[in-house]
Protein chains: 2
Amino acid sequence: MKLTSKIFNSHPKTDGDFFLGIKNILGFKPKDIEIYKKAFLHRSVNKKDPEGNPMNYERLEFLGDSMLGTIISKHLYNEVPEGDEGYLTKMRSKVVSRKHLNELGKDLNLLRFVESRIPKSHFGENIHGNVFEALVGAIYLDRGYTYCEKFINERVIEPYVDIEQLEGKVISYKSLVIEWCQKQKKSFNYHVYEDTGNDELKHFAVKLTIGDRIMAKARATSKKKAEEKASKRAYFALQNKIENQ
Amino acid sequence: MKLTSKIFNSHPKTDGDFFLGIKNILGFKPKDIEIYKKAFLHRSVNKKDPEGNPMNYERLEFLGDSMLGTIISKHLYNEVPEGDEGYLTKMRSKVVSRKHLNELGKDLNLLRFVESRIPKSHFGENIHGNVFEALVGAIYLDRGYTYCEKFINERVIEPYVDIEQLEGKVISYKSLVIEWCQKQKKSFNYHVYEDTGNDELKHFAVKLTIGDRIMAKARATSKKKAEEKASKRAYFALQNKIENQ
């Protein structure tokens, strides 16, 4: 059947385009571009190397996952001298959580490089984080530790690792609100929609309804942030309500 | 009570001795010896840094554990191109198993450096592996990735990582020899001693006696490897003997 053998490839058409795309993301030149191609090769393509070994991003993902953990560990070790082993372990697992890595891969739009026989719409969320890890593995093999650390600093640590925020994420207002609704047997609904307005960055707006009442509205650069903001507002509104009852 | 405040410290008496001891194990010079001191500081000593943060080996252990995993991952990635992600994960966990790391720490006699308020005889087995990991963390911080990789290559990968043996394809010759002795009701003895000679790296020699006969001698960078080498020699000597009977 023709359809099943089709490769769903938004991989830039020429090697030159792929090289430039990767170089843009890395902030430095790849040496061996073939390693990076492997980092975006889905197992469905069923490619083999000249020795007959399967070629896909999964082995690189294994390697990248490990290196990512190490560099985050070193960062946390240096940044939080008062944190013990348990604290460091907990913080690292927050930074390298599946959810977080998926966000990262999505922000870099890595899916555009993925070569696969499965339509991309059929992939789950994890494809984003998986190829991000594979990319880290590719950098490690291609350019060594120092470049790998530089990449992780620029792409993960600087934009995403805010230790105070990570510590503060312990309390999610959204989960507090949901818990309250379930206890009170109230329905709730988070209605999220794009609302970029005049901003350069994409923005999201959210409307939180509890029962038949709009409890809070909020706006932020990510869905999650917007939901959290609205939840916080609703949470305090509900507390006031309870105290005044 | 005087006893409880005593520090059980076989830590070499002078800084110079400690420096030399560490240098011998590393195979290169430490830059900041204070980091290595921390790698052997047990929490029972209850030491604090000038900012009041607890000082002990546990944070370095966290860091070393991660780096060790990464370097083993890279080695396995390169050595076993046919192994998929699941295989690599399984093999890595065999190499960095608690049992394995404890053996490593024991072979290097790291316990002699440990500073603690608990008598060393009260520690469990895991102290050996824990301070080994802390030492890896200290090297990473002090001398960076390249030295850390060199150390792990020399101290872990070369003497301990035999992929066929890890896969279970090659059985342990030592266990074959012991089994034979037990069947034949012969006594056996592995006499292991340090025999560094002119080598920079510490070496171990082993003399395997079966009954009253010296069956084999061998020399290697770890006790286990030396025993395995001697056992292999004895095993083949015994096979010839049996065939010629």
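Even glycines carry a Cβ here, placed using N, Cα and C.
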Mg(2+) site partner of B:N130, B:E133 (as recorded in TrEMBL), chosen from B:E58, B:E61, B:E79, B:E194: B:E61
Chain A sits near which of the binding-site residues B:E61, B:N130, B:E133, counting only a Cβ gap under 8 Å? B:E61
CB neighbours within 10 A of B:E61 (Mg(2+) binding site), counting all protein chains shown, number 22
Other residues, Cβ within 8 Å of B:E61, B:N130, B:E133 Cβ centroid (Mg(2+) site): B:Y57, B:E58, B:L60, B:F62, B:G64, B:D65, B:L101, B:G129, B:V131, B:F132, B:A134, B:G137
Integer Å value for the Cα distance linking B:D65 (active site) with B:N130 (Mg(2+) binding site) is 9
Simplified to three states, DSSP reports B:E133 (Mg(2+) binding site) as helix
